[in-house]
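Scroll down for the structure; my scribbles are underneath it.
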Amino acid sequence: MVGVRDTLPAELPPLRGSAKLAYGLGDFGFGLSWNMVGAFLLFFYTDVALLPAAAVGTLLLVSRLADAAIDPVIGILVDRTRGHSGRARPWFKWGAVPFGLLCAATFWMPPLGENGRLLWAIATFAALGILFSAINIPYGALLPMMTNRNGERLTLGSLRAAGTAISVIVATAATMPLVGALGGGDQRLGFLIVGGLFGLVTTLTTLNLLRCPEQVHAVEPPSRQAIWPQVRAMLANRAWNTVFLFALLNFVRFGAVLAITPFFAINVLGKPWMISILLPAVSGTLLIGSVIAPPYFKHLGMRRGNLIALLAALPLFAALPLVEGSTAGFLTLYLLGSVLLSITMTAIFAMAAEAIEYHEQLTGTRNEGLLSSGISLSTKIGMAVGGALVAFGLASIGYAPGKGGAEVVSGLRWLYYAPIVACLVAQMAVIARYPAIVRPG
(Lines of atoms letter the chains of each structure in order from A and count residues from 1; the text may use other names and numbers.)
(Lines give C-alpha, C1' and ligand atoms only; values in the text may rest on other atoms or scores of the structure.)
Protein backbone atom coordinates (compact mmCIF):
# COMPACT_ATOMS: atom_id res chain seq x y z
CA MET A 1 0.00 0.00 0.00
CA VAL A 2 1.16 3.52 -0.79
CA GLY A 3 2.00 5.67 2.23
CA VAL A 4 -0.57 8.03 3.68
CA ARG A 5 -0.77 11.32 1.84
CA ASP A 6 -0.29 14.24 4.24
CA THR A 7 -0.60 17.11 1.74
CA LEU A 8 -3.53 18.10 -0.41
CA PRO A 9 -3.14 18.55 -4.19
CA ALA A 10 -3.12 22.03 -5.70
CA GLU A 11 -6.36 23.34 -7.10
CA LEU A 12 -6.96 22.68 -10.78
CA PRO A 13 -8.20 25.21 -13.36
CA PRO A 14 -11.94 25.89 -13.19
CA LEU A 15 -14.26 23.79 -15.34
CA ARG A 16 -16.04 25.13 -18.40
CA GLY A 17 -19.76 25.65 -18.17
CA SER A 18 -20.35 23.22 -21.04
CA ALA A 19 -18.60 20.44 -19.13
CA LYS A 20 -20.68 21.12 -16.01
CA LEU A 21 -23.87 21.11 -18.09
CA ALA A 22 -22.90 17.86 -19.81
CA TYR A 23 -22.34 16.26 -16.41
CA GLY A 24 -25.75 17.36 -15.14
CA LEU A 25 -27.46 16.15 -18.33
CA GLY A 26 -25.81 12.76 -17.79
CA ASP A 27 -27.96 12.01 -14.75
CA PHE A 28 -31.01 13.36 -16.55
CA GLY A 29 -30.52 10.61 -19.14
CA PHE A 30 -29.79 7.89 -16.60
CA GLY A 31 -32.70 8.97 -14.42
CA LEU A 32 -35.18 9.14 -17.29
CA SER A 33 -34.82 5.44 -18.07
CA TRP A 34 -34.09 4.17 -14.57
CA ASN A 35 -36.94 6.05 -12.90
CA MET A 36 -39.36 4.76 -15.52
CA VAL A 37 -38.15 1.29 -14.56
CA GLY A 38 -38.41 2.01 -10.84
CA ALA A 39 -41.84 3.63 -11.02
CA PHE A 40 -43.64 1.56 -13.64
CA LEU A 41 -41.93 -1.80 -14.20
CA LEU A 42 -43.80 -3.43 -11.30
CA PHE A 43 -47.07 -2.04 -12.69
CA PHE A 44 -46.11 -3.18 -16.22
CA TYR A 45 -45.30 -6.70 -15.03
CA THR A 46 -48.42 -7.15 -12.87
CA ASP A 47 -51.14 -5.17 -14.67
CA VAL A 48 -49.99 -5.25 -18.32
CA ALA A 49 -47.92 -8.42 -18.70
CA LEU A 50 -50.14 -10.13 -16.07
CA LEU A 51 -47.30 -11.75 -14.15
CA PRO A 52 -48.01 -12.81 -10.51
CA ALA A 53 -46.94 -10.22 -7.91
CA ALA A 54 -45.01 -12.70 -5.72
CA ALA A 55 -42.99 -13.95 -8.70
CA VAL A 56 -42.29 -10.37 -9.75
CA GLY A 57 -41.09 -9.51 -6.24
CA THR A 58 -38.63 -12.40 -6.31
CA LEU A 59 -37.55 -11.42 -9.83
CA LEU A 60 -36.86 -7.81 -8.85
CA LEU A 61 -34.98 -8.69 -5.68
CA VAL A 62 -32.82 -11.53 -7.01
CA SER A 63 -32.02 -9.81 -10.32
CA ARG A 64 -30.98 -6.55 -8.67
CA LEU A 65 -28.91 -8.23 -5.95
CA ALA A 66 -27.13 -10.42 -8.52
CA ASP A 67 -26.56 -7.38 -10.70
CA ALA A 68 -25.32 -5.36 -7.71
CA ALA A 69 -22.65 -7.98 -7.02
CA ILE A 70 -21.08 -7.04 -10.35
CA ASP A 71 -20.74 -3.37 -9.40
CA PRO A 72 -17.44 -3.67 -7.47
CA VAL A 73 -15.94 -5.61 -10.39
CA ILE A 74 -16.87 -2.81 -12.79
CA GLY A 75 -15.52 -0.26 -10.31
CA ILE A 76 -12.15 -2.01 -10.17
CA LEU A 77 -12.08 -2.25 -13.97
CA VAL A 78 -12.70 1.51 -14.16
CA ASP A 79 -9.75 2.09 -11.82
CA ARG A 80 -7.57 -0.04 -14.09
CA THR A 81 -8.78 1.49 -17.36
CA ARG A 82 -6.09 3.57 -19.05
CA GLY A 83 -7.40 4.59 -22.49
CA HIS A 84 -6.44 7.60 -24.59
CA SER A 85 -9.76 9.19 -23.61
CA GLY A 86 -9.29 8.50 -19.89
CA ARG A 87 -10.61 6.06 -17.31
CA ALA A 88 -14.35 6.77 -17.28
CA ARG A 89 -15.11 8.02 -20.78
CA PRO A 90 -14.34 4.79 -22.71
CA TRP A 91 -17.22 3.14 -20.83
CA PHE A 92 -19.68 5.75 -22.06
CA LYS A 93 -18.59 5.24 -25.66
CA TRP A 94 -19.20 1.49 -25.68
CA GLY A 95 -22.13 1.17 -23.28
CA ALA A 96 -24.51 3.92 -24.41
CA VAL A 97 -26.12 2.28 -27.46
CA PRO A 98 -26.63 -1.24 -26.00
CA PHE A 99 -28.31 0.26 -22.92
CA GLY A 100 -30.77 2.24 -25.02
CA LEU A 101 -31.76 -0.83 -27.04
CA LEU A 102 -32.20 -2.98 -23.94
CA CYS A 103 -34.37 -0.33 -22.29
CA ALA A 104 -36.93 -0.84 -25.06
CA ALA A 105 -36.61 -4.64 -24.83
CA THR A 106 -37.36 -4.56 -21.09
CA PHE A 107 -40.78 -3.03 -21.78
CA TRP A 108 -41.64 -5.54 -24.49
CA MET A 109 -43.26 -8.83 -23.58
CA PRO A 110 -43.16 -11.73 -26.08
CA PRO A 111 -46.36 -13.71 -26.77
CA LEU A 112 -45.39 -16.66 -24.57
CA GLY A 113 -46.88 -18.54 -21.65
CA GLU A 114 -46.44 -17.30 -18.08
CA ASN A 115 -43.13 -19.14 -17.54
CA GLY A 116 -41.75 -17.86 -20.84
CA ARG A 117 -42.73 -14.29 -19.99
CA LEU A 118 -41.10 -14.62 -16.57
CA LEU A 119 -37.85 -15.88 -18.14
CA TRP A 120 -37.87 -12.97 -20.59
CA ALA A 121 -38.49 -10.51 -17.76
CA ILE A 122 -35.62 -11.97 -15.72
CA ALA A 123 -33.18 -11.92 -18.66
CA THR A 124 -33.95 -8.40 -19.86
CA PHE A 125 -34.16 -6.80 -16.41
CA ALA A 126 -30.90 -8.39 -15.22
CA ALA A 127 -29.08 -7.42 -18.43
CA LEU A 128 -30.42 -3.86 -18.20
CA GLY A 129 -29.06 -3.57 -14.66
CA ILE A 130 -25.62 -4.79 -15.72
CA LEU A 131 -25.45 -2.32 -18.60
CA PHE A 132 -26.67 0.45 -16.30
CA SER A 133 -23.74 -0.32 -13.99
CA ALA A 134 -21.33 -0.26 -16.93
CA ILE A 135 -22.18 3.37 -17.70
CA ASN A 136 -23.40 4.70 -14.35
CA ILE A 137 -20.44 3.62 -12.19
CA PRO A 138 -17.95 5.44 -14.46
CA TYR A 139 -20.32 8.42 -14.31
CA GLY A 140 -20.13 8.47 -10.52
CA ALA A 141 -16.34 8.09 -10.68
CA LEU A 142 -16.12 10.96 -13.16
CA LEU A 143 -17.07 13.72 -10.69
CA PRO A 144 -13.91 13.51 -8.53
CA MET A 145 -11.87 13.09 -11.73
CA MET A 146 -13.19 16.38 -13.11
CA THR A 147 -12.14 18.67 -10.24
CA ASN A 148 -10.67 18.76 -6.75
CA ARG A 149 -12.31 22.08 -5.88
CA ASN A 150 -14.90 21.62 -3.14
CA GLY A 151 -17.10 24.39 -4.51
CA GLU A 152 -17.11 22.87 -7.98
CA ARG A 153 -17.85 19.43 -6.56
CA LEU A 154 -20.90 20.87 -4.80
CA THR A 155 -21.93 22.58 -8.04
CA LEU A 156 -21.54 19.36 -10.02
CA GLY A 157 -23.42 17.47 -7.33
CA SER A 158 -26.22 20.04 -7.50
CA LEU A 159 -26.34 19.89 -11.31
CA ARG A 160 -26.48 16.12 -11.09
CA ALA A 161 -29.32 16.41 -8.58
CA ALA A 162 -31.10 18.87 -10.89
CA GLY A 163 -30.71 16.45 -13.79
CA THR A 164 -32.14 13.69 -11.62
CA ALA A 165 -35.02 15.93 -10.58
CA ILE A 166 -36.01 16.85 -14.12
CA SER A 167 -35.75 13.22 -15.20
CA VAL A 168 -38.03 12.15 -12.35
CA ILE A 169 -40.59 14.79 -13.26
CA VAL A 170 -40.59 13.71 -16.91
CA ALA A 171 -40.41 9.96 -16.25
CA THR A 172 -43.12 9.85 -13.59
CA ALA A 173 -45.47 12.57 -14.85
CA ALA A 174 -45.25 11.87 -18.58
CA THR A 175 -44.87 8.08 -18.82
CA MET A 176 -48.53 7.09 -18.46
CA PRO A 177 -49.89 9.93 -20.67
CA LEU A 178 -47.28 9.04 -23.31
CA VAL A 179 -48.13 5.34 -23.02
CA GLY A 180 -51.78 6.18 -23.69
CA ALA A 181 -51.09 8.65 -26.50
CA LEU A 182 -48.36 6.77 -28.36
CA GLY A 183 -49.93 3.36 -27.82
CA GLY A 184 -53.37 4.43 -29.03
CA GLY A 185 -54.97 2.76 -26.02
CA ASP A 186 -52.75 -0.33 -26.24
CA GLN A 187 -50.62 -0.27 -23.07
CA ARG A 188 -48.28 -3.00 -24.32
CA LEU A 189 -47.42 -0.97 -27.42
CA GLY A 190 -47.31 2.28 -25.47
CA PHE A 191 -44.81 0.99 -22.90
CA LEU A 192 -42.59 -0.37 -25.69
CA ILE A 193 -42.52 2.97 -27.54
CA VAL A 194 -41.90 5.03 -24.40
CA GLY A 195 -39.19 2.61 -23.21
CA GLY A 196 -37.46 2.97 -26.58
CA LEU A 197 -37.82 6.76 -26.56
CA PHE A 198 -36.38 7.16 -23.06
CA GLY A 199 -33.61 4.69 -23.92
CA LEU A 200 -32.65 6.84 -26.92
CA VAL A 201 -32.40 9.95 -24.73
CA THR A 202 -30.16 8.04 -22.30
CA THR A 203 -27.91 6.97 -25.16
CA LEU A 204 -27.48 10.56 -26.39
CA THR A 205 -26.82 12.11 -22.97
CA THR A 206 -24.33 9.34 -22.14
CA LEU A 207 -22.37 9.97 -25.34
CA ASN A 208 -22.44 13.70 -24.48
CA LEU A 209 -20.41 12.90 -21.32
CA LEU A 210 -17.38 12.57 -23.60
CA ARG A 211 -17.25 16.40 -23.33
CA CYS A 212 -16.33 16.16 -19.62
CA PRO A 213 -12.58 16.41 -18.88
CA GLU A 214 -10.69 14.11 -16.54
CA GLN A 215 -8.33 16.56 -14.81
CA VAL A 216 -7.61 14.80 -11.51
CA HIS A 217 -5.26 11.93 -12.25
CA ALA A 218 -4.49 9.11 -9.86
CA VAL A 219 -1.07 9.43 -8.27
CA GLU A 220 -0.58 5.68 -8.26
CA PRO A 221 0.02 3.71 -11.49
CA PRO A 222 -2.68 1.33 -12.82
CA SER A 223 -3.34 -0.92 -9.87
CA ARG A 224 -2.59 -4.62 -10.07
CA GLN A 225 -2.90 -5.16 -6.34
CA ALA A 226 -5.07 -7.94 -4.96
CA ILE A 227 -8.72 -6.91 -4.84
CA TRP A 228 -9.51 -7.80 -1.23
CA PRO A 229 -6.98 -5.43 0.40
CA GLN A 230 -8.55 -2.61 -1.63
CA VAL A 231 -12.04 -3.66 -0.56
CA ARG A 232 -10.96 -3.84 3.10
CA ALA A 233 -9.50 -0.35 2.87
CA MET A 234 -12.78 0.88 1.37
CA LEU A 235 -14.83 -0.71 4.15
CA ALA A 236 -12.54 0.84 6.77
CA ASN A 237 -13.15 4.31 5.30
CA ARG A 238 -15.69 5.77 7.74
CA ALA A 239 -16.77 8.50 5.34
CA TRP A 240 -17.43 5.93 2.61
CA ASN A 241 -19.35 3.42 4.72
CA THR A 242 -21.45 6.22 6.20
CA VAL A 243 -22.38 7.46 2.72
CA PHE A 244 -23.05 3.87 1.64
CA LEU A 245 -25.53 3.24 4.47
CA PHE A 246 -27.10 6.68 4.12
CA ALA A 247 -27.63 6.17 0.37
CA LEU A 248 -28.85 2.59 0.91
CA LEU A 249 -31.61 3.74 3.27
CA ASN A 250 -32.48 6.65 1.00
CA PHE A 251 -33.02 4.33 -1.95
CA VAL A 252 -34.93 1.71 0.06
CA ARG A 253 -37.39 4.52 0.78
CA PHE A 254 -37.17 5.84 -2.78
CA GLY A 255 -37.71 2.42 -4.35
CA ALA A 256 -40.64 1.61 -2.09
CA VAL A 257 -42.36 4.94 -2.70
CA LEU A 258 -41.90 4.73 -6.47
CA ALA A 259 -43.35 1.22 -6.53
CA ILE A 260 -46.31 1.73 -4.19
CA THR A 261 -47.48 5.22 -5.23
CA PRO A 262 -49.55 4.18 -8.30
CA PHE A 263 -51.40 1.58 -6.19
CA PHE A 264 -51.80 4.03 -3.27
CA ALA A 265 -53.18 6.88 -5.39
CA ILE A 266 -55.67 4.65 -7.21
CA ASN A 267 -56.88 2.41 -4.38
CA VAL A 268 -56.44 4.48 -1.18
CA LEU A 269 -56.79 8.11 -2.22
CA GLY A 270 -59.14 7.23 -5.08
CA LYS A 271 -57.42 9.88 -7.22
CA PRO A 272 -55.36 8.37 -10.07
CA TRP A 273 -54.46 11.86 -11.28
CA MET A 274 -52.34 12.35 -8.15
CA ILE A 275 -49.81 9.83 -9.51
CA SER A 276 -48.54 12.61 -11.79
CA ILE A 277 -48.00 14.87 -8.76
CA LEU A 278 -46.80 12.48 -6.05
CA LEU A 279 -44.25 10.59 -8.14
CA PRO A 280 -42.48 13.64 -9.60
CA ALA A 281 -42.35 15.16 -6.11
CA VAL A 282 -40.50 12.10 -4.73
CA SER A 283 -37.30 13.57 -6.10
CA GLY A 284 -38.54 16.15 -8.59
CA THR A 285 -38.14 18.61 -5.73
CA LEU A 286 -34.41 18.04 -6.17
CA LEU A 287 -34.61 21.07 -8.47
CA ILE A 288 -35.27 23.15 -5.37
CA GLY A 289 -32.86 21.15 -3.24
CA SER A 290 -30.06 21.55 -5.78
CA VAL A 291 -30.32 25.34 -5.40
CA ILE A 292 -30.57 25.31 -1.61
CA ALA A 293 -27.92 22.65 -0.93
CA PRO A 294 -24.60 24.42 -1.75
CA PRO A 295 -25.03 27.43 0.59
CA TYR A 296 -26.94 25.32 3.12
CA PHE A 297 -24.19 22.71 3.53
CA LYS A 298 -21.43 25.30 3.27
CA HIS A 299 -22.92 26.96 6.36
CA LEU A 300 -23.98 23.89 8.36
CA GLY A 301 -21.70 21.11 7.14
CA MET A 302 -22.76 17.69 5.89
CA ARG A 303 -23.51 16.01 9.21
CA ARG A 304 -25.47 18.77 10.92
CA GLY A 305 -27.18 19.89 7.71
CA ASN A 306 -28.51 16.42 6.94
CA LEU A 307 -29.65 15.84 10.52
CA ILE A 308 -31.63 19.08 10.59
CA ALA A 309 -33.32 18.36 7.25
CA LEU A 310 -34.27 14.81 8.28
CA LEU A 311 -35.57 15.94 11.68
CA ALA A 312 -37.75 18.55 9.97
CA ALA A 313 -39.08 16.10 7.35
CA LEU A 314 -40.00 13.26 9.72
CA PRO A 315 -43.08 14.84 11.41
CA LEU A 316 -44.39 16.05 8.04
CA PHE A 317 -44.48 12.52 6.60
CA ALA A 318 -45.69 11.01 9.88
CA ALA A 319 -48.70 13.35 9.78
CA LEU A 320 -49.80 12.36 6.24
CA PRO A 321 -52.29 9.64 7.35
CA LEU A 322 -54.17 12.32 9.30
CA VAL A 323 -54.85 14.46 6.21
CA GLU A 324 -55.72 11.87 3.56
CA GLY A 325 -59.19 13.39 3.28
CA SER A 326 -57.80 16.80 2.32
CA THR A 327 -56.04 16.92 -1.03
CA ALA A 328 -54.60 20.38 -0.29
CA GLY A 329 -53.40 19.36 3.18
CA PHE A 330 -51.90 16.09 1.97
CA LEU A 331 -50.03 17.73 -0.92
CA THR A 332 -48.78 20.60 1.26
CA LEU A 333 -47.19 18.29 3.85
CA TYR A 334 -45.94 15.93 1.15
CA LEU A 335 -44.28 18.64 -0.94
CA LEU A 336 -42.67 20.36 2.06
CA GLY A 337 -41.27 17.03 3.25
CA SER A 338 -40.04 16.19 -0.24
CA VAL A 339 -38.16 19.50 -0.50
CA LEU A 340 -36.38 18.77 2.78
CA LEU A 341 -35.46 15.26 1.64
CA SER A 342 -34.24 16.61 -1.69
CA ILE A 343 -31.53 18.50 0.22
CA THR A 344 -30.29 15.25 1.73
CA MET A 345 -30.38 13.47 -1.64
CA THR A 346 -28.25 16.23 -3.16
CA ALA A 347 -25.74 15.72 -0.36
CA ILE A 348 -25.17 12.08 -1.32
CA PHE A 349 -23.36 13.03 -4.53
CA ALA A 350 -21.06 15.53 -2.81
CA MET A 351 -20.38 13.21 0.15
CA ALA A 352 -19.44 10.40 -2.26
CA ALA A 353 -16.79 12.65 -3.83
CA GLU A 354 -15.60 13.72 -0.36
CA ALA A 355 -15.24 10.07 0.64
CA ILE A 356 -12.79 9.57 -2.24
CA GLU A 357 -10.68 12.54 -1.10
CA TYR A 358 -10.82 11.16 2.46
CA HIS A 359 -9.73 7.76 1.14
CA GLU A 360 -6.71 9.35 -0.54
CA GLN A 361 -5.78 11.12 2.70
CA LEU A 362 -5.96 7.79 4.57
CA THR A 363 -4.34 5.44 2.07
CA GLY A 364 -2.57 7.46 -0.62
CA THR A 365 -4.84 5.91 -3.29
CA ARG A 366 -8.05 7.25 -4.79
CA ASN A 367 -9.79 4.15 -6.22
CA GLU A 368 -12.60 6.31 -7.69
CA GLY A 369 -14.09 3.39 -9.59
CA LEU A 370 -14.21 1.01 -6.64
CA LEU A 371 -15.60 3.58 -4.21
CA SER A 372 -18.14 4.88 -6.73
CA SER A 373 -19.24 1.32 -7.47
CA GLY A 374 -19.99 0.93 -3.78
CA ILE A 375 -22.37 3.89 -3.87
CA SER A 376 -23.97 2.45 -7.02
CA LEU A 377 -24.26 -0.83 -5.12
CA SER A 378 -26.15 0.91 -2.32
CA THR A 379 -28.51 2.44 -4.87
CA LYS A 380 -29.30 -0.89 -6.49
CA ILE A 381 -29.67 -2.83 -3.27
CA GLY A 382 -31.86 -0.09 -1.83
CA MET A 383 -34.11 0.06 -4.90
CA ALA A 384 -34.25 -3.75 -5.00
CA VAL A 385 -35.22 -4.06 -1.34
CA GLY A 386 -37.74 -1.21 -1.54
CA GLY A 387 -39.40 -2.53 -4.69
CA ALA A 388 -39.40 -6.14 -3.49
CA LEU A 389 -40.93 -5.15 -0.13
CA VAL A 390 -43.81 -3.59 -2.01
CA ALA A 391 -44.24 -6.56 -4.37
CA PHE A 392 -44.19 -9.08 -1.52
CA GLY A 393 -46.49 -6.80 0.46
CA LEU A 394 -48.98 -6.70 -2.41
CA ALA A 395 -48.97 -10.49 -2.53
CA SER A 396 -49.40 -10.78 1.26
CA ILE A 397 -52.48 -8.53 1.35
CA GLY A 398 -54.06 -10.39 -1.56
CA TYR A 399 -53.87 -7.53 -4.06
CA ALA A 400 -55.31 -8.26 -7.52
CA PRO A 401 -55.77 -5.73 -10.37
CA GLY A 402 -59.19 -4.11 -10.18
CA LYS A 403 -60.11 -5.72 -6.85
CA GLY A 404 -60.11 -3.80 -3.55
CA GLY A 405 -61.60 -4.16 -0.08
CA ALA A 406 -60.94 -2.72 3.38
CA GLU A 407 -58.11 -5.15 4.13
CA VAL A 408 -56.33 -4.33 0.87
CA VAL A 409 -56.70 -0.58 1.43
CA SER A 410 -55.33 -0.88 4.99
CA GLY A 411 -52.40 -2.94 3.72
CA LEU A 412 -51.63 -0.40 1.01
CA ARG A 413 -51.53 2.36 3.66
CA TRP A 414 -48.93 0.45 5.67
CA LEU A 415 -46.89 -0.26 2.54
CA TYR A 416 -46.88 3.45 1.72
CA TYR A 417 -46.16 5.08 5.08
CA ALA A 418 -44.02 2.58 7.02
CA PRO A 419 -40.93 2.53 4.74
CA ILE A 420 -40.77 6.34 4.69
CA VAL A 421 -40.82 6.82 8.46
CA ALA A 422 -38.54 3.87 9.23
CA CYS A 423 -35.90 4.93 6.70
CA LEU A 424 -35.82 8.55 7.88
CA VAL A 425 -35.20 7.48 11.48
CA ALA A 426 -32.44 5.09 10.39
CA GLN A 427 -30.81 7.75 8.18
CA MET A 428 -30.52 10.10 11.15
CA ALA A 429 -28.69 7.44 13.14
CA VAL A 430 -26.30 6.79 10.25
CA ILE A 431 -25.39 10.38 9.32
CA ALA A 432 -24.55 11.18 12.95
CA ARG A 433 -21.25 9.29 12.49
CA TYR A 434 -20.09 11.13 9.34
CA PRO A 435 -16.50 12.35 9.94
CA ALA A 436 -15.08 15.84 9.54
CA ILE A 437 -13.10 15.98 6.27
CA VAL A 438 -10.29 18.37 5.34
CA ARG A 439 -11.11 19.80 1.91
CA PRO A 440 -8.81 21.44 -0.63
CA GLY A 441 -9.52 25.07 -1.40
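Backbone N, Cα and C define each Cβ position, glycine as well.
Residues of the same chain lying 6 or more positions beyond the ends of the transmembrane segment (50-70) and with a Cβ under 8 Å from any Cβ of it are 41-42, 114, 117-118, 121-122, 125-126, 129-130, 133, 376-377, 380-381, 383-385, 387-388, 390-392, 394-395, 399. Among the features that TrEMBL reports, transmembrane segment is placed at 50-70 (among others).
Per TrEMBL, transmembrane segment is recorded for 91-112 (among others). Packing against the transmembrane segment (91-112) from elsewhere in the chain are residues 33, 37, 41, 44, 48-49, 78, 81, 85, 120-121, 124-125, 127-128, 131-132, 134-135, 137-139, 188, 191-192, 194-196, 198-200, 202-204, 206-207, 209-210: each is 6 or more residues past its ends and has a CB under 8 Å from a CB in it.
Residues or ranges marked as transmembrane segment by TrEMBL: 118-142 (among others).
Under the heading transmembrane segment, TrEMBL lists 162-183 (among others). Sequence-distant contacts of the transmembrane segment (162-183), counting only residues of its own chain at least 6 positions beyond either end whose CB sits under 8 Å from a CB of the stretch, comprise 24-33, 35-36, 39-40, 189-194, 197-198, 258, 275-277, 279-280, 282-287, 289-290, 342, 345.
Within the same chain, residues 22-23, 25-26, 28-30, 32-33, 36, 40, 44, 48, 85, 88-89, 92-93, 95-97, 99-108, 135, 139, 142, 171, 175, 178-183 sit at least 6 positions outside the transmembrane segment (189-210) and bring their C-beta atoms closer than 8 Å to a C-beta of that stretch. According to TrEMBL, the feature transmembrane segment maps to 189-210 (among others).
Taking Cβ pairs closer than 8 Å, the transmembrane segment (242-266) reaches residues 35, 38-40, 42-43, 172, 272-275, 278-279, 282-283, 306, 344-345, 348, 351-352, 355, 374-375, 377-387, 389-391, 393-394, 399, 412-413, 415-416, 419-420, 423-424, 426-427, 430-431, 433-435 in its own chain, all 6 or more past its ends. Annotation comment: TrEMBL describes 242-266 (among others) as transmembrane segment.
Look at TrEMBL and you will find 243-441 tagged as domain 'Major facilitator superfamily (MFS) profile'.
Here TrEMBL flags 272-293 (among others) as transmembrane segment. Using a Cβ-Cβ cut-off under 8 Å and counting only residues 6 or more beyond its ends in the same chain, the transmembrane segment (272-293) has close neighbours at 39, 154, 157-159, 161-162, 164-166, 168-169, 172-173, 176-177, 254, 257-258, 261-262, 264-266, 327, 331, 334-335, 338-339, 341-343, 345-347, 350.
Annotation source TrEMBL lists transmembrane segment at 305-323 (among others). Under 8 Å from some Cβ of the transmembrane segment (305-323) lie the Cβ atoms of residues 246, 296-297, 299, 329-330, 333-334, 336-337, 340-341, 343-344, 347, 413, 417, 420-421, 424-425, 427-428, 431-432, 434, all in the same chain and six or more residues away from its ends.
The transmembrane segment annotation in TrEMBL covers 329-352 (among others).
What TrEMBL records for 381-402 (among others) is transmembrane segment.
Cβ atoms under 8 Å from those of the transmembrane segment (414-436) belong to residues 238-239, 242-243, 245-246, 249-250, 252-253, 256-257, 260-261, 263-264, 268, 301-303, 306-307, 310-311, 313-314, 317-318, 320-321, 341, 344, 351, 358, 386, 389-390, 393-394, 397 of the same chain, restricted to positions at least 6 beyond its ends. Look at TrEMBL and you will find 414-436 (among others) tagged as transmembrane segment.
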